[in-house]
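Asks: From TrEMBL, here are the annotated features:
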- GLU158: active site, proton donor (ACT_SITE)
- GLU297: active site, nucleophile (ACT_SITE)
- 21-379: domain 'GH26' (DOMAIN)
- 1-25: signal peptide (SIGNAL)
Amino acid sequence: MAKMPRFLMIIGIIISITIVSRTEALSLDVSELLHKGDDIPCALNQDCDHTKLSESSYDNYYKTDKSSWDSLGLDPNLLHINQISVGFVPAFREKKNPNSPEQINSKLFKPMAIMGDYISLSSWDPELKAIDWAYKIAAKMKEVNNLGITVWLRFGHEMNGEWYNWGMQPEKFKNKWQLLAREIKRVTNKTYMVWSPNAMFGNGIDEKRGGYTPYFPDPQTVDMVGLSFYHWGKGAIRTNVKPTQAEAITKLYEFSKVIHFVFVFLLRGEPETNVGTSSLIKIYGRGGWNKPVIVAETAACYTTYQGTTQSVGGGYSELDIKMTWLHLLVDRYIKQLIPDLKAVIWFEIDKDEVAPGTNDHRNEDFRLVVGNPEVSYAVRQLFESYHSTELAERS
């Protein structure tokens with residue numbers, strides 16, 4: 001059986017983890033490894049590994065090219081389309097409609113390239129003191145790396161929103177990022193630091209709520225950048241409308257431009273704020289480090305009244321909504337527009353939610369392959385068709 005990569009989220013502290021691996025790696029349950037009791041032989045505030053890493057080697061590591069699949073630990077034999085690897089976050093421990101990687105893979109043309117999981121530690125830590133366990137976290141990442149598995153460490157994901165206890169604290173976030181990044185790089189070079197906010201909302205890129213720039217860490221500590229980016233439907237009750245190309249393209253392209261602009265200017269020691277879109281466009285493209293970009297969490301939800309299969313309205317089917325969103329995120333146009341886009345990870349979970357600003361409970365089905373059979377079949381056909389085209393182009 002092919003090795004399935006793991007994408008794991010520690011949601012109670014300030015870390016989420018993406019784990020990728022190669023098909024020839026040993027078959028093992030990485031989720032179980034990271035959920036099991038701590039067996040790292042050192043105290044929380046003590047060094048777990050005495051590996052030395054000089055300042056020059058530390059700085060140079062972040063300048064290494066990470067543009068190829070191989071350099072990121074991705075396997076071209078696993079699920080991909082238009083040179084974009086595709087992964088899933090299974091509903092491992094969800095009370096409602098749990099699913100497993102095996103169930104997801106059984107519906108796919110090829111095994112998923114990346115897999116995700118959530119690990120809940122605690123929600124009591126608004127001061128972010130738990131990240132001072134950096135020695136422990138780094139040691140655990142090295143333990144996974146030693147099994148031949150590459151880790152993408154998505155630290156403090158969605159830090160620009162208020163829904164997590166670590167959100168909306170830019171200076172504290174950057175300080176803790178630096179602490180963890182340096183410890184990770186001191187002990188291993190197979191764990192990549194992924195800076196990953198929520199897709200921008202609010203009043204602009206420089207805003208604490210919903211913006212990007214207040215949360216930028218030292219660019220030399222960032223290996224990759226990611227974005228949480230969902231299609232929610234329309235309005236508070238999230239009526240079922242079909243995504244548009246502008247909805248998908250605008251947010252992702254804007255993110256990639258801002259990323260390039262800010263990192264390049266920070267490296268030059270120049271201010272990163274108060275620059276208009278035209279200025280961003282002028283400097284986007286060449287001359288930077290070309291950080292790999294991933295859509296770290298995504299889905300298009302289909303919303304029904306709780307306890308029923310009745311749509312909340314909008315006029316579009318689940319098939320229309322989900323397949324349109326998938327196409328927009330992985331088609332050739334988005335790859336041409338954002339050449340550094342390397343992966344898209346789908347949130348394969350069915351949830352009961354309260355609509356924002358209301359007391360109305362809704363069912364929001366984010367699943368792409370283990371829910372609606374019509375959608376699942378269409379997904380398989382999409383990847384099978386792409387694979388046939390890819391083989392024909394090679395011959």
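Yeah, the Cβs are placed from backbone N, Cα and C, and that goes for glycine too.
Model, not experiment: these values are computed from the prediction.
Mind running through what each feature is packed against?
Replies: The C-beta environment of GLU158 (active site, proton donor), restricted to residues of the same chain at least 6 apart in sequence and closer than 8 Å, consists of TYR164, GLY167, SER196, PRO197, ASN198, SER228. DSSP assigns GLU158 (active site, proton donor) to coil, not to a helix or a strand.
Classification of GLU297 (active site, nucleophile) by DSSP places it within a strand.
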Asks: Relative to the Cβ position of GLU297 (active site, nucleophile), how many further Cβ atoms are located within 10 Å?
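Replies: The answer is 26 other Cβ atoms.
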